[in-house]
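In Swiss-Prot this protein carries:
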BINDING   489, 495  Mg(2+) binding site
DOMAIN    556-615  domain 'KH'
DOMAIN    625-693  domain 'S1 motif'
């Protein structure tokens with residue numbers, strides 16, 4: 001007897017085997033796929049409620065991507081030794097899975113739906129994120145849930161002028177492009193990328209190369225669905241025709257007038273008044289409602305979108321009165337906070353970001369622990385979106401998925417422009433506080449971050465700016481919108497964010513909600529985005545054009561020196577005793593790397609100098625003939641022991657204390673005296689021989705050869 005009815009599809013994809021299997025694991029889920037690529041394995045499951053919860057007027061879709069430590073043969077750290085709250089990476093991959101599948105559910109589908117993807121094995125070569133996107137799409141396609149997929153996904157790298165599909169984790173480290181693209185058989189739905197100043201044509205080529213590369217994956221999912229898919233659920237959507245006619249009659253003219261108001265708050269008030277009028281007429285407080293409330297609300301929202309779209313396509317005029325290419329007025333300011341290492345205020349229309357850069361040392365690096373292992377991150381960018389930025393009162397707390405996603409988008413835009421650790425050995429943290437928002441706060445963060453970093457003296461390769469674009473498509477007509485408002489973001493068919501320098505693109509993010517947007521439209525859109533980006537860079541240059549020559553007054557200074565690797569142990573000392581003493585006595589922070597690189601940091605230059613001299617005294621040997629400052633540590637009958645060069649002790653014989661005959665050591669020096677000594681050499685037991693007589697104790701001048709030789713006693 002066979003317990004399982006297993007169906008599988010296997011294809012060769014970008015040089016590795018992709019296996020999609022269903023029927024053995026998680027059989028009570030609506031859809032479940034056990035997927036393997038190389039030796040990376042994920043389980044994707046889909047469950048969608050059979051009915052809609054009362055009062056739900058949106059599509060409650062949640063995507064949870066989770067990495068299990070056992071997948072890489074590891075035990076989680078921390079006290080509890082088990083997986084805890086989602087990491088930043090898990091949150092970002094959850095968003096990556098969510099974005100291309102969300103637009104493919106029918107409008108009006110309100111059943112709570114949950115996609116859970118669990119990484120079960122990781123071969124440390126094939127990133128599980130692409131496999132998770134493919135497996136989620138396959139699970140949805142098999143589930144019977146109304147889903148207009150399947151979706152494919154691929155990662156594209158750009159190496160030596162060639163596109164490489166699904167590079168390994170090692171290959172991604174050295175590429176000029178790391179781009180993820182997802183879509184259906186005939187449309188691109190999502191792009192997420194980081195690039196090293198690539199042209200619009202190279203970026204678009206990567207998108208199209210990725211799209212064509214995952215077509216065999218979509219075909220495999222369709223073949224699997226033909227064998228194993230569940231019966232499609234009946235989806236009965238209400239007929240909106242009557243409601244649309246009624247709402248249009250009441251609201252069209254008033255909505256058109258409301259959307260001519262350029263101020264966001266006033267416009268919202270006018271739209272709310274129109275909505276209240278519609279609800280008052282169609283859903284009277286007394287008597288019977290003419291239509292269901294949620295249906296009226298949905299149709300009213302649709303009409304809002306149509307009014308804005310009609311106005312743009314018919315007249316070329318947008319909500320705030322701009323034409324399609326105009327960027328809102330920009331004001332860039334730097335150095336606005338007195339004690340910050342670097343700060344900027346970037347205002348574009350009704351969107352504003354206060355961005356602050358802080359410099360730290362190696363010990364401030366973030367330790368990141370994921371399936372690939374543990375690594376240290378020296379560039380941190382945190383994006384905060386407080387509710388007051390949109391004139392609302394709301395929850396404050398730890399960052400949500402959106403804030404993490406927007407922060408990472410800005411991080412990708414700035415990261416390729418950072419100096420190397422050798423050029424600039426600082427840990428860098430940028431915090432963006434969105435103080436006003438009406439569209440494209442993530443791109444305001446990119447601009448503000450670039451300004452704040454330059455204000456802090458970080459030598460960026462070039463200033464970076466970002467712009468959010470929108471697109472409206474009706475049949476053959478389309479309009480590309482530069483610098484979109486918040487309202488235009490969710491009323492359009494495509495929104496995409498492009499960040500980069502005057503030389504090229506560093507980050508591209510696209511979300512496309514409909515089919516029919518082809519390569520040519522994307523090319524026009526990217527060209528218009530470049531115009532906007534260059535305009536914004538010009539406005540930013542009015543505030544600052546490059547990194548300041550000096551670091552901020554309150555930023556730590558870091559100086560670097562190299563010591564022999566065999567001396568590292570001596571500088572650190574038993575249990576860290578020596579390095580701890582240096583830090584405590586000098587006030588400097590010290591970081592020693594395995595190759596002997598030592599970074600000494602402090603906001604006080606004298607503190608750095610003292611620490612470096614101390615380290616040098618331990619790590620380098622004193623040279624014969626050199627003159628050193630020293631301290632008398634012990635007085636004996638035959639001379640004085642002097643501590644010099646930090647931690648070295650040597651003997652000044654009584655005959656080398658001063659000119660002429662010295663009867664008693666204590667006649668010349670006593671313990672604690674500061675003296676100048678010349679290193680004469682070493683005796684046959686390796687002990688250090690010093691002279692005070694050959695050094696002018698006032699000036700430190702070398703007196704050797706300027707006086708007759710004098711024999712040491714006992715010679």
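Any Cβ shown, glycine's included, is placed from N, Cα and C.
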Within the domain 'S1 motif' (625-693), residues counted as helix, strand or coil by DSSP: 6 helix, 35 strand, 28 coil
Helix, strand and coil totals (DSSP H, G, I; E, B; other) for the domain 'KH' (556-615): 32 helix, 16 strand, 12 coil
Secondary-structure category, per DSSP, in which residue 489 (Mg(2+) binding site) falls: helix
Where residue 495 (Mg(2+) binding site) falls in three-state DSSP terms: strand
